[in-house]
């Protein structure tokens, strides 16, 4: 039987010269056992060859502490899989991104569901469905975790049941949910009433699909649709609720990733992880 444990880390930089090795070293120094990276700048499609990732150095020093399945890769923002005009670019790019992930064994790709422009939300979901099927058909192993969104602009994915319905329609074990605490709060879910929220997740059959958690406080009150992350305990969600999520039995063995703001141009993930763990 799998041991129940807390898996926690943060977004860390994946950059020259050390790439994967450097990201793992930063996470290790933060006392983390998970991490999230972008394989390039979130705003563009430029990627370095996987030969530069320093995979062997990562395996030598950190693989037993930050195991590959707890390395989360976030898809870049430029891939809008719900836009028919960007369909080929988005799907082809993500197929290659998943293949890059396979070189070091990362298990989860977090993906924003997308947004609609000159077309309807219903069409956006239809395009997203086709995109996911294409990507899944041409890749192996990696699980795509659709992120819950705040409702900013014309984003889709703000209603958790809509994402769950899409997953159940496609019927692939390689589809999951990434629950972002700031986003669901900003979208109108009162996660401060945590047990009520968890019961709702169970009622809509969503809880079983949550495989990644983004743990962020929010700069705005509930249902603001703003998507502005705040440091742990400094926002409207509050420390108590966020710590409850970390220790909750329903979320054990799920990688919990912090994406909170830097303070005076310095990341404070080490302090926030320590605070959340009560150390």
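Each residue, glycine too, has its Cβ placed from N, Cα and C.
The record from Swiss-Prot ties 227, 229 to Zn(2+) 3, and of the options 74, 112, 183 it ties 183 to that site too.
Binding of Zn(2+) 1 is annotated in Swiss-Prot for 74, 112; the matching candidate from 56, 140, 147, 162 at the same site is 147. The highest number of surrounding Cβ atoms within 10 Å, among the binding-site residues 147, 180, 227, 259, is found at 180.
Report note: the Zn(2+) 1 site is defined by 74, 112, 147, and the residues of the same chain whose CB lies within 8 Å of the CB centroid of those residues, excluding them, are 75, 110, 111, 145, 146, 178. Of 74, 112, 147, 180, 214, all annotated as binding-site residues, the residue with the shortest Cα distance to residue 227 (Zn(2+) 3 binding site) is 180. Residues within less than 8 Å, Cβ to Cβ, of residue 74 (Zn(2+) 1 binding site) and separated from it by at least 6 positions along the same chain comprise 11, 36, 37, 38, 42, 109, 110.
With a cut-off of 8 Å between CB atoms and residues at least 6 apart in sequence, the same chain places 182, 216, 217, 218, 219, 259, 260, 261 near residue 229 (Zn(2+) 3 binding site), listed in sequence order.
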